[in-house]
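Read through the structure below, which is laid out as structure tokens, and then see the notes.
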Amino acid sequence: MEVSVIGSSQANILKTDLACRELGLLSFKNGSRVSWGKSQISFGRSCGLRNSGVRLTLKAVQTEAIRPQKISRPQSHGVRLYVGLPLDAVSYCNAVNHAKAIAAGLKALKLLGVEGVELPIWWGVVEKEAMGKYDWSGYLALVEMVHKVGLKLHVSLCFHGSKHAKIPLPEWVIKIGEQNPSIFFTDRTGQQYKECLSLAVDEVPVLEGKTPVEVYNDFCESFKSSFSSFIGSTIDGISMGLGPDGELRYPSHQGLSRSSKVPGVGEFQCYDKSMLALLKEHGETTGNPLWGLGGPHDAPAYDASPSSNSFFKDDGGSWESPYGDFFLSWYSSLLVRHADRLLSLASSAFGDSEVAIYSKVPLVHQWYKTRSHPAELTAGFYNTQNRDGYEVIAEMFAQHSCKMILPGMDLSDEGQLQEGLSSPEQLLGQIWSACKKHGVEVSGENSSDAVAHGGFEQIRKHLSGEDAAHSFFYQRMGAYFFSPEHFPSFTQLVRNMKQPQMHTDDLLSEEEKAKEPVAATSESGIQMQTA
């Protein structure tokens, strides 16, 4: 039996998608292929729905045989699965990229039973040319596509740039930065990170007389107004970007060398003028003016190990000294206050809307097995063997009724290099415990587009049991996602998540099993390839 992804007649032929959500799900047969490029998209041959006798093909067909099936009752409690759309789903020129590919992908995900998709919305695309001049056209077109397919949409508001997606900050912000480079994070060598603004200028009127927080608020209000007809229906969740890659952290690993097998400890990002002014003020306020003159002089470089200098050494390191506590307390508190400001903004802007608010906290698991946890310290989390740095963050999320997204749920300790003394599983457990204590719902995310061997099993582990994640954001749609090397594993993940407990009323009777297939004819087909 074969089912085609066809035009408007699909709703009549595939009522409730023939329970494809629970039956065989999608997997690629030999010879399947996806070409995801600027000029063409081809979902080759067919995708089989194994065990059900159903096969999905993205090509025109005429007459198909559909056997009547009883539809299983959905589970009352299940993890909601969202698939991330490409980072450049809307290009820097504000046009929908890969439109035909995305349209076909959305239909495939709908048949799989996926809850929805996640869409990154870039500040540098919408407010590109001038402050207050918003152009939502590309995103409105894409949201309409998602709406028509019947999927839910989780929106990520990105107040950072992305070299990978080739989307920088707004042009007018970049021009301001050329005149006033202190709006960007800076390391001790003077190297600047220009993919987001320094949190030290959150409440400083550096953007044509407005503060960044005011500009972010105006952006959120414009988004709310422009997408009001979708918010609370199609759009059921909004993530508030808090820093580099949308995560709550300092860009402490911006200079990481590709040649390094083991990630280094990173560097403190406290050397722009605004950060140094705040550090000086903190030193004077606490009665330690000399301590406020700069960051740690004995901290290692980006790619160095903790033992390469004295600050992070397990025994006798400066991190345990009174100065170390002075600096690390100040450095981490600025990060928490930054998140508090932006989550308060999001709560105020969207609190009266029927959407959930999320933000992402990174899983900085490198060197977790050392006493000092140096990679976490440079990223802004004052978390050591003797101190819990995530309690205060979970408490702050709870105050704003914000859900927390934790990436890295596909990672295992076994998959890490031993010399890196890493433990993603222990760190994930620590953050999760802090969230549970403060009543913060946790959602998960994989660490990269290419889930490593054993990664799907790790994900399944976190999506089951009493403390299962509330939802999961699987990153990310593209050529590899639909490849034969990946897509079957993903569909198996969905099958495991959606597998229902069959009720006796849902089972086919012997009489129903003997019924002949019902013929259905499609009026129009879709050829998923463009020149």
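Keep in mind that glycine also has a Cβ here, set from the backbone N, Cα and C atoms.
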* Asked: Can you say which of 408-438, 439-469, 501-531 is given as region 'Disordered' in TrEMBL?
  -> 501-531
* Across all the protein chains here, work out how many other Cβ atoms are within 10 Å of the Cβ of Glu247 (active site, proton donor). => 20
* **Distant-in-sequence Cβ neighbours of Glu445 (active site, proton acceptor), under 8 Å, six or more positions away** => Lys360, Ile405, Leu406, Pro407, Gly408, Met409, Phe472, Phe473, Tyr474, Gln475
